[in-house]
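Swiss-Prot has this to say about the protein:
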- T51, R99, H100, S132, A133, S235: phosphate binding site (BINDING)
- M234, D258, Y259, D260: substrate binding site (BINDING)
- S216: site 'Important for substrate specificity' (SITE)
- V272: site 'Important for substrate specificity' (SITE)
Amino acid sequence: MLQRARLWPPIFTSRCAPFPFSRSISIPYRRMAGVPSTYDAPVHIAVIGGTGISSLPGFELAATLDVDTPWGKPSSPISILQHNSPTTGKPVPVAFLSRHGLHHEHAPHEVKNQANIAALRHIGVRTIIAFSAVGSLQEEVRPRDFVVPDQIIDRTKGIRPFTFFEKGMVGHVGFGDPFDKSLAEIVRKCGHSLEGEGVRLHDKGLLICMEGPQFSTRAESNLYRTWGGSVINMSALPEAKLAREAEISYQMICMATDYDCWRGDGSEDVNVEMVMAHMKANAENARRFVGAVLNELTKEEHGELVLAKHIEGQMRFAGAMTKKEGRGQDAEKKLQWLFPGYFD
């Protein structure tokens, strides 16, 4: 069974501040002999993608981490890769996590979102670039176009665990702008630098996140169009909400692979073959786009943004609403693990 946001093409470099390397490595499906299982330095940037992430020119594999969290293990081991910063020349680590598992074993409602975000924060991540294949809900968003969404409508059904604050620890966080505006600007800058070479980028868009794993009915697809929906997937939530609770800057990059099922007489309805064909055809553009964003983020000038200083500490107050005597012991321990020093 496949679903949008499940398979993402291998990531390579781009011409937007190109990498000074040509060698590529493959992210392993099992631990490679001699690869460390620990990494001592904090890792501030992460990529969450599908099982298709398989090679990254310019990166060297530094470690493969099996992280345990109070919410269980994440969807996959975390691969730590390094490349030299284009401004300082120093090695910069980037974490990679496969949303649906190394073998694509987690359906959208089974993705271990809490463990994924908790594990990334625990190793130091404060910026996440997420990737998703999407269906287009508008004529102008063509298959193979990229979209940097700025809003989400939640059409999941409460099946997926969607908060860290529950069972005796209440916390509320703002989600008016579900994606980080400053991070989005960097993503757009890199995308526009590639336009004219097969890349078409839409700066904004309303993303509908549905439950899945089935695709939409025609009535649903047309309803979402009347709401102003631009694209639709099954992966943005609760991932983005949990990232906000974890004080992590988050932006998703979407690649359209189909027109869902609203267009024409039904002969163009989304199917797995259609999705895979467009992803394969657009793989090189996706690699270049992703590589450009990562290379830009590792520049020294973006240090404050990458550390998410603009949202640091927001949960210290928002998550401390429950008085000490009313807190669930297990819930408090979990949050103390996620936010050391916040709720002591």
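Glycine residues also receive a Cβ, built from the backbone N, Cα and C atoms like all the rest.
For the pair formed by D260 (substrate binding site) and V272 (site 'Important for substrate specificity'), distance between Cα atoms is given as 11 Å, rounded to the nearest Å. Here the Cα atom of S132 (phosphate binding site) is found 17 Å from that of S216 (site 'Important for substrate specificity').
Of all the binding-site residues listed (D258, D260), D260 sits in the most crowded Cβ setting, with the most other Cβ atoms within 10 Å. Spacing of R99 (phosphate binding site) relative to M234 (substrate binding site) is 12 Å (Cα to Cα, whole number).
Between the C-alpha atoms of S235 (phosphate binding site) and Y259 (substrate binding site), the distance comes to 17 Å. For the pair formed by H100 (phosphate binding site) and Y259 (substrate binding site), distance between Cα atoms is given as 23 Å, rounded to the nearest Å. M234 (substrate binding site) and V272 (site 'Important for substrate specificity') are 14 Å apart (CA-CA, integer value). Within 10 Å of A133 (phosphate binding site), counting C-alpha to C-alpha distances, fall the following of the recorded positions S216, D258, Y259: D258. Taking the Cβ of M234 (substrate binding site) as centre and 10 Å as the limit, one finds 27 other Cβ atoms among all the protein chains shown. Neighbour counts of Cβ atoms within 10 Å were taken for the recorded positions S132, S216, S235; the minimum is at S216. Counting every protein chain shown, the number of other Cβ atoms lying within 10 Å of the Cβ of V272 (site 'Important for substrate specificity') is 13. The record assigns M234, D258, Y259, D260 to the substrate site; their largest pairwise CA distance measures 15 Å. Separation of the C-alpha atoms of D258 (substrate binding site) and S216 (site 'Important for substrate specificity'): 13 Å, rounded to the nearest whole number.
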